[in-house]
Structures are given as C-alpha cells and as structure tokens.
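Chemist: Sharing a structure, written as structure tokens. Questions coming.
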Amino acid sequence: MIAFWVLAPLMVIAALGVVLVRRAVHSALLLAVVMISLAVLYLTLEAPFLFAVQIIVYTGAILMLFLFVLMLVGVDAADSVVETIRGQRLLAITGGLVMGVLLVVVVAQISLGTMVGMGAANAGGNIEGLADLLFSRYVLSFEATAALLITAALGAMLLAHRERLEPKEGQRAMAARRMQEYGTSGRHLGPLPSPGVYARHNAVDTPALLPDGTPATDSVSRVLAARGTVRSAPALGDVEDVQRTLGDVGGISGGSGSATDTSAGGGYNTENPDTRPQGDDWPEGDE
Amino acid sequence: MFLLSEGGASIPVVDPLGADGVFSLLWLVIALPLAGATILLLGGRRTDAWGHWLGTLTAVGSFVLSLVLFVSMLGREEGQRQVVQHLYDWIRVGDLTVSIDLLLDPLSVLFLLLITGVGSLIHVYSIGYMEHDPRRRRFFAYLNLFVAAMLMLVLSENYLGLFLGWEGVGLASYLLIGFWQHKPSAAAAAKKAFVVNRVGDIGLSLGIALFFVTFGSTSFTVISANASGASDGVLTALGLLLLLAACGKSAQVPLQSWLLDAMEGPTPVSALIHAATMVTAGVYLVVRSNFVFELAPHAQTAVVVVATVTLLWGAVIGCAKDDIKKALAGSTMSQIGYMMLAAGLGVYGYAFAIFHLITHGFFKANMFLGAGSVMHGMNDDVDMRRYGALRKAMPVTFLTFAMGYLAIIGFPGFSGFWSKDKIIETALIESPVAGIGALIGAGVTGFYMTRLMLMTFFGEKRWKDDVHPHESPSVMTGPLVVLAALSVLGGLLYLGHWIVDWLSPVVGTAPKHEPPVPAIVITLLVLAVVAAGVATAWLLVGKRPVPVTAPQDVSFATRAARADLYGDTINETLVINPGRHATAGLTRGDRSLVDGLFTGSAGVTAALGAQLRKVQNGFVRSYALSVVGGVVLVLAALLVVNL
Amino acid sequence: MDDVTPYIVLSTILFTIGSVGVLTRRNAIVVFMSVELMLNACNLALVAFAKQHGNLDGQVAAFFVMVVAAAEVVVGLAIIMTIFRTRRSASVDDASLLKY
C-alpha cells in the first residue's frame, strides 16, 4: 500500500494539472505521469501484463500520437481561459463535484470485504491466465476487436488522406515558375539563406544577418517564427561594441535606437514571414 | 306446382324449361341493341353519318326476333311456355351463385314486344325529330342502351340481373333527360331523377340482400318455390322494400317528384322511357314478384294505398299544367297509379295491370309523340296557352292524337276503355275505397285530357305571327299512325279473355268474384263519370276563350296543382333541408372539433419543439454537460434506492 | 493490503477530474486527453475489482478497454486533424454548425 499512498496524491495532482494547465503539451506530459503511475498501480494490483501494456500502448503509443498531433496542430498552443458558453464552467464544476461526491458515497455504501487476491488466478502465470480467458470465453470479443482495429486503421487513413487535385509540380515546372516570379516581382531566384552562424549563437532558431545588419527573415523556419521561438539576432549588439572599440571606421554607422528596437523585438513579423526586410529601413548615416 | 294463398287463388311457381330451338336466340334480343350502343358510343364521330340507321336497325331487329319468339311461344302448350337460357355464371362467391339467366315466359314476352315494338317506332320517329341535332348519333346510342337495359330488366331470371337492367335504365334515363345538358334545367332534372331513383334503388338492393339471406338465392325459380316457407314478417318487409323500389322507378307517391322534371328531355325520350316502358318497370316488378306479394297481404294493402293516392295526385297535377308535356306526365303518373292499383289487388288484378300497361304504352307513346310533333311545328313551344286551333294545321297529328285521347279517357271500344274499365271494376269488387278513388280518377282523367285536347287543337289560334305550324315529315307521322292504330285496337288483346288466360301461367288464377251489381252497370257508371269530366272541361275551357298567360287569381287547389301538389316543397322540408342542416352541422363539427383536435395537438407539438430545439445549440460541451447531468441523476436514483 | 476501497475512490476522483476536463476545456486534444483519463480511471477500477474477486476477468476487460481506446484515439485524432486542416482551429466550440 505504500506505493499506492505515494502515487495516489501524485496522480490526483497530475490529473488536476492535465485539466488546469493552459498548454496542451504540458497536459500531455502530465497525463504521461498519471499513466505511468497507473502502470505501477497495476503492478501492485498483481496485473503485470497490464502494467506492460499500459506503458507500451498508452504511454508509448497513444501519448506519442497525441504529441505528434500536437506538433501538427498546436500552433495556438495555449487555450484561451475565457469561457464562451454562459454558465458552462460553473455547471461543469458543480456537476463534476456532485458526481464525484455521489460516486464516493456510493462506493462507501458497499462493503466489499476482504480482497481475495490474485494468488490463485495468477498461479499459472498472469499472461497465461489472460491468454486462456481471451481465447476461450472472450474469443468472440477478441475477434470483434480485431475487426474494430482494422476499421479504425482504415478510417484514420481515410480521414488523414488528402486527395491530390492537381498533378505534382515537377522540377522543370518549378524552375519555370520561379523564373516567372523573378521576372514579374523580382523574387530571389536562388535558395533561401541559411540561418545565422555566429560565435555565440549558432542555431536554426537564429536568423542570419544581411550585409546592412538587418536579420534575414527567410533564414529561419516559418514554423519557428509562428511559434514565437525565434531568437533575436545578437549581431547588432556586437556591431555597437565593435564601433565603440574601433571608433568610426566609416561606411558602417548605426542608429542605436533602431538597433535596440530590433534586438528587443525578439522575433519577426509573424504575420507575413515572406516579406523581405528592405535595406532602406536602415538609416544610411547621420553625419 | 302451385303456391296456394287465401281465397282459393293460386299462384304458379316459376319452373322454366331449358331453351332450345328458336328460343336459344333469346340472348340476341338484348345483344343487338347493346351492340348498337357499343358501336355508336365507341365509334365516335365516324358513325355520325349512319348512326341513327344502325340504332334503328338494331331496335327493329330485336323487335322482329321478339315477334318470332312470341309466335313460337304461341305454338307451344301452356305448360311449356316458360323457358330459361343460361348464358354464364356472373358471380360465384361462397354460397352465392348468380348466373346471367334469361327467362322468357308469357309475361316477359309481352314486355319484349312492347319495348322493342314501341322502341322501334320511337327510333324511327327520332330520325325525324332529332334531325337537326348535332349529337343525334349519341342520342341513338343512349336509346339503344336503354332498350338493351330494359330488355335485361324484363328478361332476367333473378333479381340481381333485374337490378342490373334496373340500374341500366336508370343510367339511360339520366343520360337522356340531361341530353341537352347545356340547359341547366335539363342537367338539374337529370340529377333529380337520378337521386330520387337512388332512394328506390336502396329498397331494391336491400330487398335483394334480404332475398339472399332468406332464400340463399336471388333466382325467381328458387324464391317462388320456397316463398311459403318464409315468415310473414320477412315477406312483408320484402314486399315493402320492393314497393319502395317500384315507387322510385314508377314515380309513385312519395317518390313522384322527378317525373315532371324529366320532361326536360327530348320528347321521344319522354314517350319511350317516361311513358311507355321504364316507368312501368315498377309495375313489372310487383307483378313479377307476385309470389311475394300474394303471401304478404299487408304489403299489398300498401301498394293499393300508394297507387290510389298516386292516381289521384297525378290526375290533379295534370289538370293544372299548361305545359303539354307536363300535363301528359301527370297523366302518366296517374295511369301508372291505375296499373299499380291493379297489381296491388293481387291475382285478380295482375293481368289487368299488364293489360293496361300495354294499352297505356300504346296510347301514351302516341300522345307524347303527337305532342312532340306539335312542338316540332310550334318552334319547340310547350305552352298550351299559345296553341289553339291546330287541328287544321296538323291534321295527321290531330287525328292520331285524338285516337290516343279517346283511348285514355276510355271511350267505348278503344283500348283504354277495356283496360281501365276492368281495373275499376276489379277495384270496386276487391277494395271499394280504392275503387271509388279510381272512379273519381277516371272522371278527372276525362277532364284534363279534354282540356288538353281543347287547348291544343280547338278554339281560337293563339300562337304568334312568326310561328308557322306545319305537319311533321312522314318519318314522324308514320309511327304516329301505327301507334294510333294500336291505341284503337289494343283492346283486342282482351278478346275472349285472351290476355288473362295468356298470363295465367305466370300470375295465377283466382275464382272470379261476382260483382254486387252487373258488370254493365259499373261500365255505365264509369262512362257517366268520364262524361261528366269531359263536360266540365267543355264548359270551363271549350266554351270560354283561353287566356294566353295563365291567370294568377286562381283557387288554392289550382295553385297547389300547378306546384305539383307541393311535392317538391314536401321533399325540401322533410328531407333536403334537414339533410342540409345535418351536413352543415357535421362539417362544422368536423372542422372545429375533429380538425381542431388534430391541428391543435400538432400546434402544441410544434410550439414545444420550437422551444426545445434551442437546447440543441451545436456546442458539444453542452451536450456532454447534459450527459453528466443524466449520470448524476442515475447515481442519485441508485443511491435513493439503496439507502 | 486488505481493502480495495482506496483504489476505487482514486478511480472515481480521476474519473471526475476527467469529466470536468471534458466539460471545461475547449482544445479538442485536451478534451481527448481528459477522455483518456476517464478511461484509465475505469481501468483502475476494473483491475482493482479483479483483485478483489480473485479472477482475471476484470483484467481482460481492462485489456479490451485499452484496445478500444487505442482505436478510438487513432480515429479521433484523425478527425481532429481533418477539422483543423479545414477550419484552422482545434476548438470544439468552433464546430457548432449542426444545430437548430
């Protein structure tokens, strides 16, 4: 029972966390805590097979699936806390509480008596016992489960499949299109710039700097920009330091105000990451 | 085999032989006009050119065949004069088997001759009368249909087949009364005839049902053989139901109102259907059902009462009508009353009923056709007040009409004299009250027929200048001459009691009751009464100028007679208005109560739904909340049960 | 270890928390997680009762619940993805067109 009394409060807290935290990823991780704790409880309840299945299926497969989908979907990762349906939250909490209290009272009403324990049932091995039951008394349900799983797999494929309505763009067509775009709107013909490579900041989340000192938006992934996890380019700070030590070398001068703005922004325009920052935003010089 | 009834009168049982030889052509008598009607109705306009010839030919063909059958029957012994021809089984359901069997016996063969004979003459007459009608072919189709149905009526061996013909003549009558359907009055008259006839048909259909329930069959043979086994109540009910049927078809009180309106039809129709044949179907029904009526004396009494009332009722109406056809229609009603009276007198009167039916068929058809001829020459004017002095303009019509006139008032030697005199004599012996009624009726008949005669053919000319009375073409006067001859000579049927003896295998014989006074005294009495009627008419109409418009300051009796003795008013008050009010009330009740209940419940459901549907707000979390609420309720219930 | 009641009480508490989560959260994925929480709570009760009665049927039932939950998650997440793909939103309140 020690395991239970250690794990039970943990599980309740984690479960509350699943419901209460705002970020879905945190919810998923807290759910993993609940599930692994549950697996341990299965062990204490003498269900070793379910312990394994709980960890493999739930924690290993289902939760991973959740995380995958969160990665695909979870751009607006945080939930708004404003309740839109009038009275829903109050009623939900009241209903939940009443249900919980009623359930506890109902359970308390029943005198269950002493546990029999799994000693006899697990005498020939837990897995063997389960297999015995699955392939004898529950064989029909087992077969039905097989059908269910196949159907579910097919259904998921059908739902996730996106019908291609036009032929895939080949290399030649792509080259022609890009040439066309260059001709009409002057869009850069070559590959996108790689992210910034700096002595202190060298990562995919840091944009490269253009010759005029402005960050190249295209150099970081749009997804990172959308998530708001793009680091600010540290270059401008360095430029000021260099200016301070070397004095005015000419050619390169910086309006410190704009530089601070840029560095403090921490990210880029997330609305339209395709917009290329123009060089004339930068003041040419003030002497 | 005989059914014995009270007073030693004996009624023979219908016990026919199988048809052989020429009698196996019996079906052809019906088939010919039926084929004519079918061809003319289905053939459409293609047959317009020769349709009337075909229609006439089939009728004449039927007549010739009837004549052959009649002569063959004359050649047979008395016991072998009933033949039946089985055509096919019409209905076979459980215990009920109805065959199309044709029964030819001395009664039906006379009808055969009357229907096809008079029918043929009227067909010929119609060729001239309907010459300028664009729908003449259709008219002949309907006439053929009528003849076929009427023949079915009198030839059928069972009541259901009779009913088939009965409804067939009703249909033909409806179609022909409303033949000029563009006239609203004709359409209304046709509908009225149809509706009033339905009342009578209810009697016949209920009667047939009762026959089947009582005897398990509708065949005359079976019923007549077993009639004495049925209880008095059933027989009386059967008699009264058949009387109701006869009242409807034969325009007897209280179902008389349709006949006067039926004069809206073309005149040949009035002559054939509403004088000579169809309206006498009720008489035929009573005579044919003699095995029922002989065993139901109460029903017979009812027949006598109805007949006496009708013969006076019709005569009184005939006195006041200025429309020549309506005056003749009132006369028809009255004459059928005589026939019904004779039929109601039982074995003593059946033969005279048929005798009068035949002579009446001759002279009334003659007079109707004569009236048609007059109208033909008078631009289809029917008001006798605008006739007068037509005897010079239309000599043939006048002479033939006069023959009919003398026959109907019972001038000695003419056919009506023999037939009506025998009825009055029998009635005076068997039922003195009815007899006195019939006697008075004879006087009134003399009055109104003389009035009609005087107003039409004598006196001053009262027609307008643009009317040019002229004699009708020979195709119309020919039938008139033949019918006039028959009107004169019809009495020959009674020569040596021939018709009584002829019909006795069907209607039975009875020991003759000696009249309290010699027969010649009764005859003289009748003649005196008729002479009084004629004289009164001479004094009131012949001696005085006839006003062109009917005077309005007349006695109550005249006003009542002009209004058909308020027959329509009585119907209106007793039947139509209560029915109308009941219908209106039921409709109101249906609309407010029944409909209100249904629409009300639907409205409540709809209103409830309009409110409840707001619960379905599309938010899945709200739905989940209601699920949780349900779970809480179930848990609470479990807890309450367990506590 | 003589009483199963604490397990059952824990199970009911987890179930209640899960149901409140279903009712209050709007992110479809979190709603789904709450459903999983409720299923796990039920499984806990099943396994506990199996031990209470000393036979394996409860464990078999829990096993079946896991299988069904796996299938459900696969289809459910696919649906969420499809909805997200067309509506650019994973909020359960946005998919509210099926109503009066």
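Here the Cβ of each residue, glycine as well, is placed from N, Cα and C on the backbone.
The feature domain 'NADH-Ubiquinone oxidoreductase (complex I) chain 5 N-terminal' is assigned by TrEMBL to B:90-140. As annotated by TrEMBL, domain 'NADH:quinone oxidoreductase/Mrp antiporter transmembrane' applies to B:156-441. What TrEMBL records for B:54-74, B:107-127, B:139-156, B:229-248, B:269-287, B:299-320, B:327-348, B:396-414, B:434-454, B:475-499, B:519-541, B:623-641 (among others) is transmembrane segment.
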Chemist: Is it possible to list how many residues within the domain 'NADH-Ubiquinone oxidoreductase (complex I) chain 5 N-terminal' (B:90-140) are helical, extended or coil according to DSSP?
Modeler: 29 helix, 13 strand, 9 coil
Chemist: Could you give the mean pLDDT over the domain 'NADH-Ubiquinone oxidoreductase (complex I) chain 5 N-terminal' (B:90-140), rounded to a whole number?
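Modeler: Its mean pLDDT is 90.
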Chemist: Is the transmembrane segment (B:396-414) in contact with the transmembrane segment (B:229-248), using at least 3 Cβ pairs under 8 Å (sequence separation of 6 or more) as the test?
Modeler: no
Chemist: Count the Cβ pairs between the transmembrane segment (B:327-348) and the transmembrane segment (B:269-287) that lie under 8 angstroms and are 6 or more residues apart in sequence, then report whether there are at least 3.
Modeler: yes
Chemist: I need to check the long-range neighbours of the transmembrane segment (B:475-499): which residues 6 or more away from its ends have a CB within less than 8 Å of a CB in the stretch?
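Modeler: The answer is 118, 121-122, 124-125, 127-129, 351, 354-355, 358-359, 362-363, 365-366, 369-370, 372-373, 376, 396-397, 399-401, 403-404, 406-407, 413-419, 422.
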Chemist: Report, as numbers and ranges, every residue of the chain located at least six residues beyond the transmembrane segment (B:107-127) whose Cβ falls under 8 Å of a Cβ in that stretch; write 'none' if there are none.
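Modeler: Distant contacts of the transmembrane segment (B:107-127): 29, 52-53, 55-56, 59-60, 62-63, 65-67, 69-70, 73, 136, 139-140, 143, 147, 150-151, 154-155, 266, 268, 271-272, 276-277, 284, 287-288, 354, 357-358, 361-362, 365, 369, 372, 475-476, 478-480, 482-483, 502-503, 506-507.
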Chemist: With a Cβ cut-off under 8 Å, give me the same-chain residues at least six positions beyond the ends of the transmembrane segment (B:623-641) that come close to it.
Modeler: 615
